[in-house]
Amino acid sequence: MVMAPTACVSTAEVCTFRKDYTNSLDHLGLVSSHGDNNLLQSSLTAKELVLDVLKKRAAEVDVDHCGPGEEDAFYVADMGEVYRQHMRWKMNLGRVKPFYAVKCNPDPEVLRLMAQLGNGFDCASKSEIDMALQTGIDPSRIIYAQPCKTKSYLRYAAEVGVKQMTFDNADELYKIKSTFPEAELYLRILTDDSTSLCRLSMKFGASMDQARPLLELAYKLDLKVVGVSFHVGSGAEDPRAFLKAVQDARMVFDQAGEIGHELHTLDVGGGFCQDTFEKFAAILSEAVDTYFPPNIRVIAEPGRYYVATAYTLAANVIARRDIPDPDDPTRDAFMLYLNDGVYGNFSNIIFDHQHPVAQILTCASDGSQPGSPNSATSEDITYSIWGPTCDGIDVITQRIGLPGLLNTGDWLYFEEMGAYTKCSATRFNGFSDNHEVIYISSEPGASALLNY
């Protein structure tokens with residue numbers, strides 16, 4: 001098993017900054033111009049580099065005099081981290097071709113890098129298909145991995161040449177027969193996702209008892225079944241779920257061959273996480289090699305694996321309340337209100353069962369430097385952290401100790417905010433769902449692919 005390449009950036013390497021939204025990065029004083037590229041020489045580690053950009057961007061905001069919204073939350077996205085995750089994938093799952101799950105984070109810059117890396121795209125709607133095609137890829141690099149498709153979207157897939165798609169029921173087969181009979185179909189089978197953060201088996205997947213009848217119906221309808229797909233659930237925690245799913249897929253392959261289908265692809269879905277990747281990859285790789293010969297193509301649909309750690313979010317403290325500490329009434333505690341919450345980029349708390357951890361970016365009242373939330377001491381101040389909306393459910397953190405007295409105008413930052421965050425933000429209460437992203441690259445390989 002091989003861990004990710006080092007995140008260290010040597011003094012000889014070039015890091016690139018880009019901001020594709022409202023303003024140039026020139027005003028940050030971070031970059032020097034070189035043709036059409038903005039370049040920065042740095043010996044910082046990738047995380048230090050991200051933190052430096054966060055601090056300099058936050059320092060540009062004068063909350064006492066800025067215009068409405070100028071203190072909005074913003075991201076720093078390190079495309080170098082995405083690149084490192086790809087190298088890590090290739091070293092641990094070299095046989096498995098990634099089809100990036102667009103739904104996880106459809107940022108155009110991420111999609112552009114995925115295309116340059118040679119990855120495919122897992123799309124679930126017309127809009128996602130369009131975003132993938134806008135990168136310039138061939139439609140054969142897209143799988144329409146939605147077992148229950150809108151009929152007009154199915155017609156659109158036919159128009160643009162996206163042939164690969166999944167199904168898990170008879171009605172879908174009849175729909176495909178009448179709308180896109182040339183499609184290349186993957187039978188999605190049911191898996192045990194009981195240990196996953198986000199379970200999918202209650203909604204999608206044909207049981208093993210249903211597999212043969214569906215394959216027989218597809219053959220009767222003269223539809224082309226080319227593969228089997230499964231998904232062990234988003235944020236899977238039990239690697240044995242992959243082993244059992246691969247074994248079940250082998251049985252379905254055998255059934256399909258008996259019926260007359262010629263299957264050539266196994267789609268092992270997603271569910272890959274940062275912390276458990278090597279363990280999962282080892283089990284999956286061994287299972288695939290055991291049950292499927294080399295001539296069978298194997299693809300996967302990773303999403304959070306690629307982007308979760310690449311994005312860091314900064315949010316501004318817009319208000320503060322002094323309250324007694326619920327656990328120790330003799331001590332003060334504070335309620336902090338940020339300009340982002342669970343209806344915005346912290347939607348991952350509700351939809352994705354995540355627990356973002358606040359860290360101090362700026363603390364003007366006492367000059368504190370950025371500190372770690374995991375180094376709590378008796379001197380730490382107790383906070384609860386809330387979003388800006390009128391809804392009581394809009395809470396980011398119920399209780400946390402931070403080493404500094406925060407006040408209105410200070411900034412917090414949250415790491416690992418790249419998956420299922422910005423893509424599911426809303427405009428509830430009239431707050432914006434369109435937040436600035438500052439793109440950087442801590443890897444020369446990513447910089448070269450993106451022409452930074």
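Backbone N, Cα and C atoms are what each Cβ position is placed from, and that goes for glycine too.
Automatic, uncurated: that is what TrEMBL annotation is.
DSSP assigns Cys390 (active site, proton donor) to coil in the three-state reduction, placing it in neither a helix nor a strand. Within the same chain, residues at least 6 positions away in sequence whose Cβ sits under 8 Å from that of Cys390 (active site, proton donor) are Asn429. Per TrEMBL, the feature active site, proton donor maps to Cys390.
Taken from TrEMBL, the feature domain 'Orn/DAP/Arg decarboxylase 2 C-terminal' applies to 74-418.
Look at TrEMBL and you will find 80-308 tagged as domain 'Orn/DAP/Arg decarboxylase 2 N-terminal'.
Lys103 (N6-(pyridoxal phosphate)lysine) has a Cβ environment of 21 other Cβ atoms inside 10 Å. Per TrEMBL, N6-(pyridoxal phosphate)lysine is recorded for Lys103.
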PLDDT averaged over the residues of the domain 'Orn/DAP/Arg decarboxylase 2 C-terminal' (74-418): 91
